Amino acid sequence: MKSIFIIIFILYVFQVNSQTIYPIDPSGKCEQYIGDTPSSPCSKFLNNLDSIYVSSNATQQNAMKKLDEYFGILGAIGTSGCKSDSLTYKTLCSIYLPGCESFTNNQTNITIAIPKRICYNTCNNVTTKCGVPKFYFSCDQIEPVSGLPMFPLNYSEFNLTNYDVGNPNYTVQCYGPLSDNTMVNLDSSYCPPPLFYHNSTDHDADYDRGYLFVSETSNCVVPNPVPLYTNEQWDQLYNLSNTLAVLSTFGSLYLLVTFIILNPKVTSFDRMYGFFNGSVFMMSLSGVILFIAGGPRALIKDGGARISVFEDPLCSSTGFIFQLFAINAILFWAYMGFDLWWRVKYITKPLNIQKYYVPIAFTISFIFSVIPLATKNYRMVRGNIHCWVHKAVLQNTLFFGPLGLTLTISTGFIGLVIYEIYKIVKATGRGGIMKLEIKPILNIVLIYFSFVYIFAFNFHNDNNSKNTYGSIDEFFQCTLESDDPSKCTVGGPSIGSLGYFIYCIRIYGIYCFFLQGLNERAFKIWKRSIVFNNRFILFIKVKLFSMDNNSPSESGNSSTTAGTSTTINNSNINKKNNNSKPTLSTMDSNAFSKNNDSDSDFDDYDPYHKKQNDIEIGSVNIK
């Protein structure tokens, strides 16, 4: 039993000793230093310029490229204490350009080379002083071939017996340079891609101009659009915003023209939705203005170095328009929710508060939009697609506060609407009321969930901003290791979540178009409007009827009849043209409908069909 323990102990000692012996690269060699690059002045900090170790799978040229990148990052985001210490540069240069010892076999004339590695404590002290995270560069990393520490505590051991040197445990002390007064003038204008250099003497003033510096001591600025996504993904988001803005503008404009301009009898219901649709139109128009100017990329200035701010007219104008009418839309949407509940609960009792509510809503919207205008706080939202209110305190006070309050109140009204409908259906056993209210309910609910998402998205991003900024180190690591740094991204909201946010701020006109604009009443308004009742349209109709009546038929009698009909029709039309201007009665309505509709189409609009539907609750008949 004792002998077994002795054998195990011997094997353990042998294994430990074998693990401390570093392998020798037979193709490794000692080379003379090839010289500094403009970004990496290592000649001041290397211990021996005549003996640099180069392994079989490395070159000094590749090492200098890596050093250029690290010197660039050091100049861009390094702390002043880190950049002013010569030990930082001695350590950095010696990691990628280690010292070298060589041995020659006198019999075979073969020369071998072994590196002089940086000491672990030196590496650890420098990375700690410079604030380098371990996942970015770790002094605990091991060499891939041997599995031994890349930075030994004291020395490295080599077995040189096979190279006629005769020492099986040859030791090379690790290199632990000391700080001295050697100074280095880094190229302060160099910034590693994709950062931009901006010569700044006042970071605070330049921040107000739209620049975002990576640190207080650096003149390197964050690129725009912010590398949350690749350029291709940003283009997809920009195209989504442009497309929805155009569609929403035309959808809301159609509703305004139909129910406010062409409509011969505008009801209070039309006016209520008109104020909301008008606000949506102007919100969407701000996106169209941006689209015409070149899309969201037009808000990015100086080749991507800065974002648009208040002093840029395109930004301040579109930001003001969006804020003004976004608040307006929120307030009128809240009124629509209250109006819907009132109509469901009281049915025939009118709600006459528009004349008070409208001026109050416009006043609130104007004040909440002028405040950021007066304080010059409209600027592009970094990592987004439009200009809007700057500073969290103003955003929360002038937008998200009112939005949160409105959502709270509207949630109550939506619940009350559902409850009232439930009571009516339960009392009558009929679901007709639900059919009557389905479109208004959908309109309220769809917009409600859009507002809720905007509210939640903003506060989620604010609460997780540290996670985004905390991934900047990983971003720089990617730029160093990637063949295409433009593919590197900073951690942040997923592209799907930002895409849905863009959808929510641009979709309202499309929602309203499908829920309000595609119905029989809208078609009748257009059919009887001046758009289809003017001399030009009348002339086209006459020509079309003439061509139709003069076309060949299967029998001569039919042709004669057609000709007679044409003569009569033309005679009647000419007679009426001489006596009066064309009106609906002078035209053949068959061009638009199979049936001749009466003027009763212009009776008071009754969107809830109160006149045509009797609702019985218990023994009471409500009309």
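Just so you know, glycine gets a Cβ as well, placed from its N, Cα and C.
Per Swiss-Prot, the feature topological domain 'Extracellular' maps to 19-243 (among others); the stated evidence is sequence analysis.
Residues or ranges marked as domain 'FZ' by Swiss-Prot: 25-163. Across the domain 'FZ' (25-163), the DSSP tally of helix, strand and coil residues reads 49 helix, 25 strand, 65 coil.
Summarising the annotation, Swiss-Prot assigns disulfide bond to C30-C100 (among others) and lists similarity to another entry as the type of evidence. Within the same chain, residues at least 6 positions away in sequence whose Cβ sits under 8 Å from that of C100 (disulfide bond) are K29, C30, E31, N48, S51, I52, Y53, V54, A113, I114, P115, K116.
For C42-C93 (among others), the entry in Swiss-Prot reads disulfide bond.
Counting every protein chain shown, the Cβ of N57 (N-linked glycosylation site) has 10 other Cβ atoms within 10 Å. Annotated N-linked glycosylation site per Swiss-Prot: N57 (among others), in sequence order.
Swiss-Prot lists N106 (among others) with the feature N-linked glycosylation site.
Residues or ranges marked as N-linked glycosylation site in Swiss-Prot (evidence: sequence analysis): N109 (among others).
The N-linked glycosylation site annotation in Swiss-Prot covers N154 (among others) and is backed by sequence analysis. Cβ neighbours within 10 Å of N154 (N-linked glycosylation site), excluding its own Cβ and spanning all shown chains: 11.
Annotation for N159 (N-linked glycosylation site): same-chain Cβ neighbours under 8 Å, separated by at least 6 residues, are I21, I24, P168, N169, Y170. Residues annotated as N-linked glycosylation site in Swiss-Prot, with sequence analysis given as evidence: N159 (among others).
The Cβ of N169 (N-linked glycosylation site) has 12 other Cβ atoms within 10 Å, all protein chains considered. Per Swiss-Prot, the feature N-linked glycosylation site maps to N169 (among others); the stated evidence is sequence analysis.
Taken from Swiss-Prot, the feature N-linked glycosylation site applies to N199 (among others), supported by sequence analysis. Spatially close to N199 (N-linked glycosylation site) yet at least six residues away along the chain are S189, N219, judged by Cβ distances under 8 angstroms.
Annotation source Swiss-Prot lists N-linked glycosylation site at N239 (among others). In the three-state DSSP reading, N239 (N-linked glycosylation site) counts as helix.
Per DSSP, the topological domain 'Cytoplasmic' (265-273) is made up of 6 helix, 0 strand, 3 coil. Here Swiss-Prot flags 265-273 (among others) as topological domain 'Cytoplasmic', drawing on sequence analysis.
The annotation topological domain 'Extracellular' is assigned in Swiss-Prot to 295-317 (among others) on the grounds of sequence analysis. When averaged over the topological domain 'Extracellular' (295-317), pLDDT in the model lands at 93.
If you look up Swiss-Prot, you'll see 339-354 (among others) marked as topological domain 'Cytoplasmic'.
Positions annotated as topological domain 'Extracellular' by Swiss-Prot, on the basis of sequence analysis: 376-397 (among others).
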Fewest Cβ neighbours within 10 Å, where candidates are the disulfide-bonded residues C30, C42: C30
All-chain count of other Cβ atoms within 10 Å of N109 (N-linked glycosylation site): 7
Neighbour tally for N239 (N-linked glycosylation site), based on other Cβ positions within 10 Å of its Cβ: 13
Shortest C-alpha distance to N239 (N-linked glycosylation site) - which of the recorded positions C42, C93, N106, N109, N463: N463
Rounded inter-Cα distance in Å - C42 (disulfide bond), N57 (N-linked glycosylation site): 21
Whole-number Å value for how far N57 (N-linked glycosylation site) lies from N109 (N-linked glycosylation site) (Cα to Cα): 23
Nearest of the glycosylation sites (N57, N106, N463) to N154 (N-linked glycosylation site) - Cα to Cα: N57
